[in-house]
Amino acid sequence: MNTHLRRAVPIGWAAALVIGVVVPFVVSDYDLLDLTRMLAVAMAVAGLNLLLGHSGQISVGHGALFGLGGYAAIILVATYGWPWWSAVPVGGAVCLALGLLLGVLGLTMGGANLGLLTIAVAAIFPLLLIRLKPITGGTFGIFMAHSPIEPPAWSGLTEPQFGFLVCLAALALTLLVLRNLVTGRLGRAFAAVRTSTLLAAANGVNVNRTKLMAFAVSAAVAGTGGAFYALVAAIAVPDSYLVPFSITLLAASVVGGSRTWAGSLVGAAIVIYLPKLAENIVGAESAGNWSQLVYACGLVLTLIVAPSGLIGDLSRLAHRATGPQRGRTSSARIPCGPGQRGSPQQADVRPHVGPDREDTHGALQK
Amino acid sequence: MVRYRSKKVMAVAMAALAVVVAGCSGRAASSQGTAQGTADGSGDIVIRASYPLSGPLVSAGASASGAKAYFDAVNAAGGIDGRKIDFKVVDDAFDPARMVSNNRQFAERDKATIIINFGGISVAARPPLNAAHVVQIVQGGEKELSDVQNFPYTRAFVPDIAWEGELQGRYIAKNIPKAVVGFLGFNNALAESQLAGLAAADITPVKAIRVPPGQGDLTSQVTELKAAGVNVLVVTHGPPTIGALLSYMGQIKYKPTIFIGSPYADFASTVKPAGAENVVKALSYQWFKDPQNPALSDDKALAQYRADMAKYAPAADVGQTFTLTGYGLAAAVVSALRSADQISSDAFLSAWDSLSQEENPLLIDQATLTGEKDGRLVHQYQLHEFDGKSWVARDSVIDVSKAGIAG
Amino acid sequence: MTELLQQVLDGLSTGLVYGMLALALSVIFQGTGMLNFSQGEMATLSAYVTLVLTQAGVGFWVALPLTVALSAGGGALIERVLVRRLEGAGELSLLTLSVALLLGLNALMSIIWTTDPRTFPSPFGKGLIEFAGLHMTVQQAGSLITLLAVMAATALLFNRTSVGLRLRAVAQNPASATLLGQHQGLWLMVGWAVAAAVGAFAAVVAAPVLTLSPGMMAFPLLLALAAGTLGGLSSRVGAVVGGVLIGIADNLASRYVPGLGRDLAIVAPFALTALVVMLRPAGLFGKTRTVRV
């Protein structure tokens, strides 16, 4: 399988990368901030995808992890004068540690309760930020004169351009690592655990360790994204990381398609741009509620029309249109992880939020 | 069998990316710019605002309609020296990152001369605008917004809430000899400022309870205050909680002397939800008019406000003080613009700081706008008491900058 | 001592609202396996409906059953039109649907009634009951009785009627129930109706205390989730008991635990829940899963 994968050169991704590299030279600086925020959020959504789509666990607290990574990084840079490139990994590492802790707690509490544990973290995190004022700056948070991700003088790049390119590289690297993770041995363990914990255990997969690993890696990825987010915007304020943000990330993962890596970009684009789009359609003044309504309706429509996410279903459609007989296009096909088959198995994507209902439920739908 | 995705997937993703990119402006556009709002005395005066039009503080977004109505009325009357005000509002959902992004677009794309921000998150958004030398007018009572030395392009329109705390403290020290003071507020910087103000008047509450926004049931907190023998309660809790709080206190017949924070003492926030009978005898140091206060039914400035709102923002809720505050803020901006030598950031700020005894539709009777070293324009308060029907002035107007409180 | 008892009493009143919401969550969870994040918003909508009815001149005690009936209809409608389409898509999609409902209902209420807080008439009047230095408003006492009555009615419905028997059968084992000729979809719909009705009661008794606004139930819902987990979402009794425990723990911890404070009050209920669930993963009253890996 691996040789086959390597042969299937991901031309699409390469093209996306090329477009990405061109973007900062085409788009104006003031629009780049939103695009860069989108890339950072995409990292968090990709982390969630690993958790939801590949290991079958849930987190309603990734907004808090995203914020923790951001705070860790910006505190190191703003308060202790660290260079940004050394602060970002620390942001990721802090979240890795918290991810391990939450993962262990979650396993002790039973998988069904991971949702509650993570939403508790999401609810408590901003309150703690306000309480720990000497470290976090309290209500006002931490802010800097400009982004510490500064371009080297020789590059001739502006700060927003450099910030975008750095985040693009980080996202590309993240997606590459995640993809390799789920296509490798560990990926098969993930798939086994997701499909049936019993079966996985019977086949010698250490279920708890696999779940824990997925949660920790997912948290670290979210934290790294959060670190970039805070450093690019040059602020970290509690109001950015309230419970609704965590919920939004979860929705973004599902809508984009939690089993596809391209879905993380689409999900992030929805987080950043859908409110703006809605605002443009219904107008800004006295129309904030309409934006939220549009957002909600969009979410419902996506769920009903494209239950495996926008990218998940589009790819299925595309696949159907292309037809399996046209094998020559296979060289350009994008591998999106094992178990990403046609349609019937989509019902497998069921993280544990409920009691053990196992497959009876899915079977009933047919 | 593992099947692979068609490259069409990526084509779709790239199309999505292209849509996003299409929503952005080209790099060339920013370098060209438009000669708007520059000192050459031509073109429109560009003012932009980032308000929470959705999210947890959506109620504050009403300010945007008030500001829009005032600017529209000015434009209809010929603008400022013949120049029109080009005003637009964008939603930030009270997310600081969105506010920073909005501000950057206002400054770089729209070439705004003045940017209006709302609330405590504006504190974190100061650096980029100050670096770009763009005026940031904040509708917020945080003490930090008086830091004109370090952030010379940021001005707060509303007064520092600490001043009100000190006024309350002085009143308690002078008039209530056996006061056992309790404090109830949100867990935010406004509460800290207010407590600092009380402390400046040597008042330390025996209970200072700070509750996160969203927690609506305060029965347990009331029990705690009552058990501690609190007989003077300073409240800076906003809606929706404050109405329920006062109503509950009324029902259990717990009646300490209550000071209600000026931002929330109005009819829409407190009196109507709590029921007038539960607000009787409450005190409040007020600096702005409540459009629903029956005592002000003949007020001329409020009549003009209602007329302007009806004409230019008919959908807005004129009974909200936030709407009136936005209207008053816009009026203050226009006052400074009219007295500025030219339309530039520096000229505007110098005009703002040197405004003196300027009328404003928002302010209580006899109060005026005067610029001080703290960059704020409002320094005059008047003690009001609720008599069961309306808020009635109980004392003369106090100027905190002359009373040794501000500055 | 009097304050301590009063704090417990306050916690009881507050906690019953959490318990009611948790009960509604539990009914849907057992039926559809879905954590319904929009339960709070659905309940708030019910309270608005009551307000509209009373303002139109309908007496409160006529408006209440009308609201409950409308809410049940609304709950059933949501199940029929939205939830059913997604049942095959997995719990994650269902969770996202509930998030979408939360956002959508919240926006809808804000558009129709604005976000201004509204006084909600107390159906029980404004008196005060005092005994041994403790007090309870008539509103609180009335709510308590109403909630206990609703819980008893729900228990009767589930345990003593054939409707309840079918509901439980579908919840416990959908496959076998279907094989035995029970129309699964119908009973899931009934479950949603019951949950929406229970939520309506919770909102109507909470609204006079909290004042009615679109986000009224956001915070209670968070604690109801904790309550449900603490007591066990697979147990209706557990959900209610969990709510009361959470209400009391919240008050006592934030009042008496040094360094916690009111601003971090929410830590206590979640910590308690985590602790209990670590010892009993299915919650206090939940059925422990027999399959262990």
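Every residue gets a Cβ built from N, Cα and C, even glycine.
Per TrEMBL, these features apply:
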COMPBIAS  A:349-366  compositional bias 'Basic and acidic residues'
REGION    A:321-366  region 'Disordered'
TRANSMEM  A:7-26  transmembrane segment
TRANSMEM  A:32-52  transmembrane segment
TRANSMEM  A:64-82  transmembrane segment
TRANSMEM  A:88-107  transmembrane segment
TRANSMEM  A:114-132  transmembrane segment
TRANSMEM  A:162-182  transmembrane segment
TRANSMEM  A:212-237  transmembrane segment
TRANSMEM  A:293-311  transmembrane segment
Requested in this report: Report the listed stretch (A:64-82, A:88-107, A:212-237) having the maximum count of Cβ pairs within less than 8 Å of the transmembrane segment (A:114-132).
Outcome: A:64-82
Query raised in the report: Under 8 Å, at least 3 Cβ pairs, sequence separation 6 or more: does that hold for the transmembrane segment (A:32-52) versus the transmembrane segment (A:162-182)?
Result: yes
Query raised in the report: Looking at the transmembrane segment (A:7-26) and the transmembrane segment (A:212-237), are there 3+ C-beta pairs under 8 A, with each pair at least 6 apart in sequence?
Result: no
Query raised in the report: Taking 3+ C-beta pairs under 8 angstroms (sequence gap of 6 or more) as contact, is the transmembrane segment (A:212-237) in contact with the transmembrane segment (A:162-182)?
Result: yes
Requested in this report: Give residue numbers and ranges for long-range contacts of the transmembrane segment (A:88-107): same chain, 6 or more residues beyond its ends, CB-CB under 8 A.
Outcome: 57, 61, 65, 68-70, 72-73, 76, 82, 113-114, 117-118, 121, 170, 208, 211-212, 215-224, 226-228, 231
Requested in this report: Go through the chain and flag residues at least 6 beyond the ends of the transmembrane segment (A:293-311) whose CB is under 8 A from any CB in it; none is fine as an answer.
Outcome: 251, 254-260, 262-263, 266-267, 270, 274-275, 278, 281-282, 346, 349
